[in-house]
Amino acid sequence: MKPSIVLYKSIPTDLHQRLAQHFTVNSFDGLTPDNQPELLAALQQAEGLIGSGGKIDQDFLQLAPNLRAASTISVGYDNFDVEALSQRGIALMHTPTVLTETVADTMMALMLSTARRVVELAERVKAGEWQESIGDDWFGVDVHHKTIGILGMGRIGMALAQRAHFGFSMPVLYTSRRPHEAAEQRFGARHCSLDTLLAEADFLCITLPMTEQTYHMIGREQLAKMKSSAILINAGRGPVVDEQTLIAALQDGTIHAAGLDVFEQEPLPVDSPLLTLRNVVAVPHIGSATHETRYNMAACAVDNLINALTGTVKENCVNPQVLITH
């Protein structure tokens, strides 16, 4: 008999068929076990779980006594209680490599659209405000040759540094737990303290995940150390930045502008002051949202689950100490 799994996000038909070759697939639209008796029953038998979103904590795991592996269609896993999973011997799989280039593209798009005021000015043209040759009140600022400061030199940070260095001749500064030799050799990047990064960067680009250590890492004190001409770009996790202090800094001119793909609360509330500011480009967490990359993420997650439940995992495991070997 095939192992039973719960699939709680729609995936392409060919990937669903790939899962079905190995497992009995129970498909659901999201994880709401309180309202879905069928889901509760499926979780009781499930050895595998695959999807994205939802809160996978100790209480949820009690509903799935036979679970051996969970595969998230994302690189982030802050909605999973990793400690609880590990205590149960459940492998947690994610997709850290397939979205790198696309997220770096998104960050460059945010840099360009924010610096050149693309969204704001496009809306003004649509509103019929372009009646004559534009004056300096419609001007933006250059991106090329400006200093980029990357907070978090991981895979996405490296891909962003490559674009900035080779595409826009930007000096690269970065802050991370340790120096990154490849970044320094390939892009002439300079490892520096957070204070130096804040003081010297024209674009502060945040790629950090959400952890206890990174929560509100950028707050009032840090924003005050930035150039008044600086632009903040966040495509890491919303809570890395104290959103209320960011709003104040954008309103009073402490910093020039912000391009944001992530927020403390998602979806962003319709009454958020961020939506009233002309110096903000806000997009709905589109970092990896292309047809190609989302397909590749789903395919990676499918392969991850197959590998985890067949004992053939070689990569992409968040808690490798519990890897299934049988």
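Just so you know, glycine gets a Cβ as well, placed from its N, Cα and C.
Database features (Swiss-Prot):
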ACT_SITE  Arg237  active site
ACT_SITE  Glu266  active site
ACT_SITE  His285  active site, proton donor
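Taking the active-site residues Arg237, His285 in turn, the residue surrounded by the fewest other Cβ atoms inside 10 Å of its Cβ turns out to be His285.
Neighbour density for Glu266 (active site): within 10 A of its CB lie 10 other CB atoms from the protein chains shown. The distance from the Cα of Arg237 (active site) to the Cα of the residue listed as 'active site, proton donor' comes to 9 Å. On the backbone, the CA of the residue listed as 'active site, proton donor' and the CA of Glu266 (active site) stand 8 Å apart.
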